[in-house]
């Protein structure tokens, strides 16, 4: 169970502790933040409400610990990461249980997230040794007008303190995707987990603690965003911010100052379906892409743009598959579970009601019980409906019928988002041309949008983000180039 056995020390009565200076601590505030179970809508867990003074203390510890960590050999950093990954995977059950209870993720998917996270840590350790173990050597005479009198040595050095802010929907995986690159690169790491997902993150951090990382190198601060959010993101000790979430990231980017930012802020991922597409394949991918984890994924299929000539057939195929989706508790591995909060459910309902008022065709009856919304396919959606543009983050998929490929591309590109998209066709030449025309960070051909495998580049255009994720890109973003130039008194040529 969560907070027991190996993880007993992270819990103080009913309240989970925060992590700083290699210890689990209670906040001087004497206050806690409640975490609601989305399915029961009752308090499931409580975490510490940390203060700004505690944030300051954590930042000072992080700055100090980073200096010595930067001098730790790469192989030793990698060794500790491999150890943390093994502990994480060996103790997946408590974290998976927490994911089920605090974000209503189906049990089997919760286990998968933890195992995937362990694999990501190990991969990052190996990739970091390769990337950071190589330098670069330049000679001055390759540039016109120069003799070979200068030798340039370049290497990658850490940035300092990295602030990691993962989202509720993948709190463990999208935390370690920031933590592991930061640590292998020689940085220290301060984690601010989401409220929904915080307990899963605290269990994950304990795995790093058990692996034996130096005190102060990793910290995990919990609390109310209204009290410590801006204080964290604007803290002068922070040298890099890696954030995944909603449009809060836009506000963070405006306030952060001159530091590297890695931001993934959501999307309105379009699925363009041509008239030659394999419609059975398309239907399966709409179900997988649009309804898995109740549509609460940044890479979910958010709008289907299908050629009119095949729209009727596709809609019927998707309707048949929607009818087979199970709805219920995450403990029972239901396909559709409660969305994360009442406010999220209300927002989704607002989009649905707007579509209803404006004449969309409901392929199923709209049904909601608390935070649980039954899967819904909306046909004949028009561009004047909110659901055509806004991100529902729920189990609702709108279908817009188009009369040309250009119409589909134009709708995709008119969005303020640009995370991912997909195109279904048997003509690879058309697929490549459409991919090039779509203003998104990634285009999937004949598959639903997806983040991963975790070493693939993952980035958004426009309001969907800044920078690129993926193991290699994250390591590079969390380092800077250091150059040393050797000046020779006379030109020197090998074998000259």
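Positions of Cβ are set from backbone N, Cα and C atoms, glycine also.
Taken from Swiss-Prot, the feature active site, proton acceptor covers 264. Secondary structure from DSSP puts residue 264 (active site, proton acceptor) in a beta strand. Cβ neighbour count for residue 264 (active site, proton acceptor) (all protein chains, 10 Å cutoff from its Cβ): 27.
Residues near residue 298 (active site, nucleophile) in space but far in sequence (CB under 8 A, at least 6 apart, same chain), listed by position: 167, 169, 244, 264, 266, 267, 419, 451. In this structure, residue 298 (active site, nucleophile) belongs to neither helix nor strand by DSSP; it is coil. As annotated by Swiss-Prot, active site, nucleophile applies to 298, with the evidence given as sequence analysis.
The Cβ of residue 297 (substrate binding site) has 169, 451 as same-chain neighbours under 8 Å, each 6 or more residues away in sequence. Per Swiss-Prot, substrate binding site is recorded for 116, 169, 170, 297, 298, 299, 451.
A C-beta separation below 8 Å, combined with a sequence spacing of at least six in one chain, links residue 192 (NADP(+) binding site) to 163, 164, 165, 220, 221, 222, 228, 229, 232. As annotated by Swiss-Prot, NADP(+) binding site applies to 192, 195, 230, 391.
Look at Swiss-Prot and you will find 245, 246, 247, 248, 249 tagged as NAD(+) binding site, backed by similarity to another entry. Look at residue 248 (NAD(+) binding site): DSSP puts it in a helix.
The N-acetylalanine annotation in Swiss-Prot covers 2. Secondary structure from DSSP puts residue 2 (N-acetylalanine) in coil. Non-local neighbourhood of residue 2 (N-acetylalanine): 45, 94, 95, 97, 98, 101, 199, 203, each in the same chain, at least six residues away, with C-beta under 8 Å from its C-beta.
Sequence-distant neighbours of residue 4 (phosphothreonine) (same chain, 6+ residues apart, CB-CB distance under 8 A): 11, 94. Swiss-Prot lists 4 with the feature phosphothreonine.
Per Swiss-Prot, site 'Transition state stabilizer' is recorded for 169, and the stated evidence type is similarity to another entry. DSSP assigns residue 169 (substrate binding site) to coil in the three-state reduction, outside any helix or strand.
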Neighbourhood of residue 230 (NADP(+) binding site), C-beta criterion under 8 angstroms, separation at least six: 255
Structural state of residue 116 (substrate binding site), classified by DSSP into three states: helix
Cβ-based isolation winner (fewest other Cβ atoms within 10 Å) among the binding-site residues 116, 451: 116
Integer Cα-Cα distance in angstrom, residue 248 (NAD(+) binding site) to residue 391 (NADP(+) binding site): 15
Closest of 195, 246, 247, 249 to residue 299 (substrate binding site), Cα positions, binding-site residues only: 246
